[in-house]
Amino acid sequence: MKTPSIPLNTGAALPIFGLGTWQVKDDKELKTSLRTAIDAGYRLIDTAHIYKNEHIIGEVIHEYISTGRLKREEIFITSKLPLVAHAPEDVEKCVNGQLDALKLDYIDLYLIHCPCPCKHQEGSWIPLSDDKGKLVFDEKTTHIDTWRELEKLYYAGKLRALGVSRFSARQLEDLYDLADVKPANIQVECHIYWQQENLRRVCRKLGVTLTAFAPLGSPGRKSSRPDGNWPDGDPLLDPLVLQLAEKYQKSTAQVLIRFLTQNGNSVIPKSVNPRRIVENISSFDYELSEEDMHALEDKTRIKLFNLDFAIGHPLYADGEN
């Protein structure tokens, strides 16, 4: 199944639908998911340094390309810079390691994963913590410091497009104004309970695309940090979504995906269930009515993710839309 794309300001095409891989580290499970997804028509794979699975994704992509089942230009890879590698002296070293893990000469879209740089332990990318177990903040490195290093890698052809993740609208605008290579994409929490209205307006003004992480509400999110502060909410069980799923004879996941893509957002739902992986991509053979779109737009606002571990950082802006 061929899915639509949305244009980036670089001229490249960002697939509007892809596979998220957060929390998937098991070798066999991820390989099965990736093969199922690619065979079903997925052409966008989203990963990050912090996910610790780029090497597994690299193996599968290399397998498909080397056997002629896929051309490099047919697959779009998004990855991200960890919060511990923002310092100018760390950026290229980290990106080169990710390229090696992915077995690629370039990454299609590369994002600053978090707006709050922190320090790492000497000789590793493990975050540095104080004696109370709190992250040690890097309060000297600014967003534009990191961005300038990414721009060098963009000009070198190692990164084909640049963007950010979890930045506020204000932070995105500030960076956009200073950047030579303008941000092409922002990846943020976006679903029926947190629709990013202001950020979407800013993105339209700047010509920046938006990718929604947790488009289904990420039911397994709490397992990533069991001691974190996690608001409750499950879009998959929302009464209106259940009603619309019955009306359109679709799954609740397909309704949530279609809502976001009809609004022009790229989405990256995660699943390791082969049936659901195929089901999720089968969300483009219908449209929600204007009335139903408006009804979903009126949902109560609940932010399901937060950056509580970075509270107190001078660049902390979580919660801003």
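Quick reminder: no glycine exception, Cβ is built from N, Cα and C everywhere.
Because the structure is a prediction, the values reported are computed rather than measured.
As written in TrEMBL, here are the features:
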type	residues	note
ACT_SITE	Tyr51	active site, proton donor
BINDING	His113	substrate binding site
DOMAIN	18-299	domain 'NADP-dependent oxidoreductase'
SITE	Lys80	site 'Lowers pKa of active site Tyr'
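Features per TrEMBL, on structure.
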residue	record	Cβ neighbours (10 Å)
Tyr51	active site, proton donor	21
Lys80	site 'Lowers pKa of active site Tyr'	24
His113	substrate binding site	21
Taking the Cα atoms as reference points, how far is His113 (substrate binding site) from Lys80 (site 'Lowers pKa of active site Tyr') in Å?
5
Pairwise CA distance, the residue listed as 'active site, proton donor' versus Lys80 (site 'Lowers pKa of active site Tyr'), rounded so that it is a whole Å:
10
